[in-house]
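To start, the structure under review is shown below, and the notes come after it.
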């Protein structure tokens, strides 16, 4: 199933019984969070709050509240189908030379399809049906959520931020939270290693003192939103990837006040600039860790223009202790990561990011071990291969007889196959999530790897234990008579 825009996706969800319209007035201050949180924990539907208290614009929440809806938004009918998307990205990340003419012909359709999915620029777009400029710009028109009691104020959460560095041919898409601090000002919380921050830094170096153009798309189609959080290879733009997911080219339109191109079917567009040197203290806000983050200083984005569709929808979410939408996204995108990792490390049989680990802070890897030290090579590879795992604090590696998604199995492997001193790898002074207050220095901390595999000669001098395995014939015999025994 393909979706041309967010409204089409909402309509399809409603037809499948996956969307609930809430007509009762509900406040964006705390109340929507409470309702969305309860719904998500019960694996419930997406929610369209049609009458937010004090606003005319409806709020769409819990959109990606189940892994199945994430998969549906990426054009797949099941979560397992996301492995095929991962295989495509793995191929594009490191394409293998054709083994012959027949192999070259077989791969040609893939490259043709990618070339055909280059974004299409249009002159007229529904995201610019209404234009608000100058003194008329007022972010108070948007029903921006205040999610938690200790939050300092309203927070834009699903904004797709579009930037372009002076030395780059392609735009960058990133999702950064934005604290509303005035009629036309928000704080752009992008970390120093993220694409938007890097573009801004390069701009300041090349154009010192000049304002940096920025645009933010709210309510883009699901393929474009999810493309921005997927490990797309550098050779492929997020817009082209979204086109592959959607099955047709992503339509873009040039902004009214700058040269940036934004999704033409988005609900709301914020256009403006960041003035170099204009900073403000951001936070505190409740975050995906389950804690309020520290206050820190980030650039201020001045909104000069708001364009939107007629009767727009405001897409929002909250973050808190898992499960929340980022954790659910992590569960679904986990299936995309597996083939990408397996392309680099074929010995990996499964990879799992438990949602309890705040989406990415812990990874469990199962593998076919072939030599002493093999598990350590794999854990170091996980930390270094994809930038998405730069902040993963704990990597547990087990043999392939362990189910990575079953804590009973994983804990059994840790407690029976590990010597704490020999099999623990500690790495100090590594990049850590700035929201991780447990690290001694902001943004810099340690990582731990646990080798919970069977040990080979060279790793131990002792005879290694044999796993107890039941007799298959006896198991079959008891299966056959089990009902007659009347035990349960």
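Any Cβ shown, glycine's included, is placed from N, Cα and C.
When other Cβ atoms within 10 Å of the Cβ of residue 287 (active site, proton donor) are tallied across all protein chains shown, the result is 21. Residues or ranges marked as active site, proton donor in Swiss-Prot: 287.
For the recorded site, residue 238 (Mn(2+) binding site), the DSSP three-state label reads helix. Sequence-distant contacts of residue 238 (Mn(2+) binding site), defined by Cβ-Cβ distance under 8 angstroms and a gap of at least six in the same chain, are 173, 224, 227, 228, 230, 232. Per Swiss-Prot, Mn(2+) binding site is recorded for 172, 238, and the stated evidence type is sequence analysis.
In the three-state DSSP scheme, residue 175 (prenylated FMN binding site) is classed as strand. Feature annotation from Swiss-Prot assigns prenylated FMN binding site to 175, 176, 177, 189, 190, 191, 194, 195.
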Alpha-carbon spacing, residue 287 (active site, proton donor) to residue 175 (prenylated FMN binding site), which is rounded to whole Å: 14
Reduced DSSP state (H/G/I helix, E/B strand, rest coil) at residue 195 (prenylated FMN binding site) is helix
Listed prenylated FMN-binding residues 175, 176, 177, 189, 190, 191, 194, 195 - what's their greatest C-alpha to C-alpha distance in Å? 14
In the structure shown, with every protein chain counted, which of the binding-site residues 177, 189, 194 has the densest set of Cβ atoms within 10 angstroms of its Cβ? 177
